[in-house]
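Have a look at the structure below before the remarks.
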């Protein structure tokens with residue numbers, strides 16, 4: 001039994017208290033340890049993905065208690081990919097936070113950041129439903145701290161909304177788990193899958209309630225309409241690096257839906273017949289529509305990106321809600337794209353806000369306008385799903401997956417029209433920000449200042465870090481496009497593994513009789 | 001006993017939902033606390049309600065026992081909800097002190113550029 005699986009949880013869990021207790025007054029040391037910890041996480045995640053590629057499902061029994069009595073961590077293709085995605089995103093975000101001095105604007109940024117990574121990695125790796133709740137709480141507690149990082153009245157009030165909303169979600173989660181436990185007597189996911197499948201069709205009333213409650217909880221996290229309204233406020237007011245990191249938090253909800261509703265309440269089980277896909281598909285189409293209309297209607301760049309994040313989740317959930325191997329493969333591919341693109345847009349939005357303010361009104365030309373506009377252009381192409389970046393391939397895969405299904409016309413119409421709306425929204429915002437510039441008030445001094453700032457940005461390595469982070473995320477998107485073939489093969493293998501529930505169950509429960 | 005516990009959960013949940021829908025933060029936090037009490041009792045009852053039985057198996061003793069797992073779950077849930085409540089009180093207090101308002105809804109202020 002390899003101990004590598006637990007490292008993504010244990011490592012941040014040690015680094016965070018160390019930062020908090022030993023080096024709390026030394027920002028430089030905090031930065032070094034935070035970056036080093038994140039780099040190590042990237043390394044571990046690559047090693048884990050390398051192990052998962054073969055298709056073996058690894059099980060780690062905590063305290064050597066056999067499943068289903070103890071808690072297990074399970075590493076399969078999906079969880080390995082999600083941990084890898086988390087670590088890469090975290091690296092970009094922590095570099096940005098250091099370069100833009102966001103971590104100086106409050107206390108304990110790096111400690112909370114590491115705790116957040118611990119929670120996210122744990123949520124992806126765990127094979128136990130109650131443990132999933134615990135890791136949700138870990139990542140939420142850290143996110144509360146990060147959300148109000150830097151303070152300010154507006155941000156604190158948005159933070160209250162965010163916390164209250166998520167506390168309600170946690171309560172609902174517990175109700176769902178209680179209901180499921182009352183029926184099945186287990187919370188281990190593999191064991192749950194076996195027992196739910198064994199239930200006779202007449203006994204499923206209560207478990208169906210549990211399944212729907214659980215879907216509601218994950219929908220809150222994934223910001224599915226009509227449970228999305230916490231997202232624009234929270235993301236728009238959160239510090240930019242935190243909002244970029246939160247791009248993975250909505251994906252935690254999507255991951256949980258993907259995991260629970262293929263494994264436990266699978267599409268072919270009598271329990272979930274007429275329950276999940278029938279509700280999730282229209283809801284996600286609505287999410288997509290409202291998100292992209294929000295992009296067009298927003299008057300503030302941070303809010304615009306938040307709505308783009310909702311729209312992106314909508315596309316992803318359309319792919320998930322179809323519950324076919326083909327569509328799940330598309331969803332896995334799109335998850336990676338959506339996380340990188342959303343995070344990149346939040347970081348670009350922050351650069352714009354720092355330089356000229358976030359309101360979508362004509363303002364003075366900002367320093368480094370050319371470079372940022374190029375980044376914005378690339379990010380907008382990715383978010384809207386235009387060629388040549390991976391958003392286009394992802395959307396194409398979703399369209400292809402819905403080809404021939406009865407809902408095909410509706411899905412194609414919604415995805416194609418919302419893409420057009422998104423393109424218009426981004427074009428409008430980009431036009432206002434980068435082209436409709438006002439004449440500077442003092443024509444003599446400003447151009448010199450611009451050059452000075454430009455020079456400062458290139459001279460100091462720290463000040464260039466935000467661009468390194470953004471270009472890193474862009475490089476991820478480009479790599480996802482160039483290496484689309486291996487990525488798609490990995491995604492399809494992941495989908496095949498998700499639908500092969502028998503092997504998952506055998507991997508987890510079979511190890512009891514070793 | 002079942003009817004008593006069930007109605008207690010129902011009353012707590014009802015009051016909690018009502019309070020959560022209020023406009024100011026203080027009743028909302030009270031509502032969340034009530035909801036977390038309701039869910040704790042609910043979790044406790046998912047192991048079936050029995051009286052005078054130990055939560056462990058005793059060798060050569062009783063063969064019947066009560067399910068210990070929900071009790072462990074409740075313990076975890078209590079700790080988490082306690083910590084969360086303390087946290088939300090602090091954040092709400094900070095928000096109230098810095099903005100002099102304790103309404104949950106945020107008004108759209110023109111200077112922040114949020115006009116939706």
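Cβ coordinates come from backbone N, Cα and C, glycine included.
Taken from TrEMBL, the feature domain 'NADH:quinone oxidoreductase/Mrp antiporter transmembrane' applies to A:128-415.
According to TrEMBL, the feature transmembrane segment maps to A:6-23 (among others). A Cβ distance under 8 Å defines the sequence-distant neighbours of the transmembrane segment (A:6-23), meaning residues of its chain 6+ beyond its ends; these are 29-30, 33-34, 37, 40-41, 44-45, 48, 60, 62, 73, 83, 87, 108, 110-112, 114-115, 117-118, 121-122, 125.
Taken from TrEMBL, the feature transmembrane segment covers A:74-97 (among others). Residues of the same chain lying 6 or more positions beyond the ends of the transmembrane segment (A:74-97) and with a Cβ under 8 Å from any Cβ of it are 5, 8, 34-35, 38-39, 41-42, 44-46, 48-49, 51-53, 55, 57-60, 103, 109-110, 113, 117, 120-121, 124-127, 189-190, 240-241, 244-245, 247-248, 251, 255, 258-259, 332, 335-336, 339-340, 343, 347, 350, 465-466, 468-470, 472-473, 476, 490, 493-494, 497-498, 504, 507-508.
According to TrEMBL, the feature transmembrane segment maps to A:109-126 (among others).
The transmembrane segment annotation in TrEMBL covers A:132-150 (among others).
If one looks beyond the transmembrane segment (A:205-224) by at least 6 residues along the same chain, the residues whose Cβ comes under 8 Å of a Cβ in the stretch are 136, 165-166, 169, 172-173, 175-177, 179-180, 182-184, 196, 199, 230-231, 249-254, 256-257, 260-261, 265, 271-272, 275-276, 279-280, 283-284, 287, 309-310, 313-314, 317. Residues annotated as transmembrane segment in TrEMBL: A:205-224 (among others).
Summarising the annotation, TrEMBL assigns transmembrane segment to A:236-259 (among others).
Here the transmembrane segment (A:279-298) has Cβ contacts under 8 Å with residues 215, 219, 223-226, 228, 232, 257, 304, 306-318, 320-322, 360, 407, 410-411, 414-415, 418-419, 421-422, 424-426, 428-429 of the same chain, all six or more residues outside its ends. Residues or ranges marked as transmembrane segment in TrEMBL: A:279-298 (among others).
Look at TrEMBL and you will find A:305-324 (among others) tagged as transmembrane segment.
Annotated transmembrane segment per TrEMBL: A:330-349 (among others), in sequence order.
The annotation transmembrane segment is assigned in TrEMBL to A:370-389 (among others). Sequence-remote contacts of a segment are chain residues at least 6 beyond its ends whose Cβ falls under 8 Å from one of its Cβ atoms, and for the transmembrane segment (A:370-389) they are 308, 311-312, 315, 337, 340-342, 344-345, 348, 351-352, 355, 395, 419, 422-423, 426-427, 429-430, 433-434, 467, 470-471, 474, 477-478, 481.
Annotated transmembrane segment per TrEMBL: A:409-427 (among others), in sequence order.
Within its own chain, the transmembrane segment (A:462-484) has Cβ neighbours under 8 Å at 88-89, 91-93, 95-96, 98-100, 333, 336-337, 340-341, 343-344, 347-348, 351, 371, 375, 378-379, 382, 388-391, 393, 456, counting only residues six or more beyond its boundaries. What TrEMBL records for A:462-484 (among others) is transmembrane segment.
Counting residues 6+ beyond its ends, the transmembrane segment (A:409-427) has Cβ neighbours under 8 Å at 281, 285, 288-289, 291-293, 295-298, 304, 308, 311, 314-315, 318, 380, 383-386, 395, 398-399, 402 in the same chain.
Each of A:132-150, A:236-259, A:305-324, A:330-349 was scored by its Cβ pairs under 8 Å to the transmembrane segment (A:109-126), and the highest score goes to A:132-150. Relative to the transmembrane segment (A:236-259), the listed stretch A:330-349 leads the set A:132-150, A:305-324, A:330-349 in CB pairs under 8 A.
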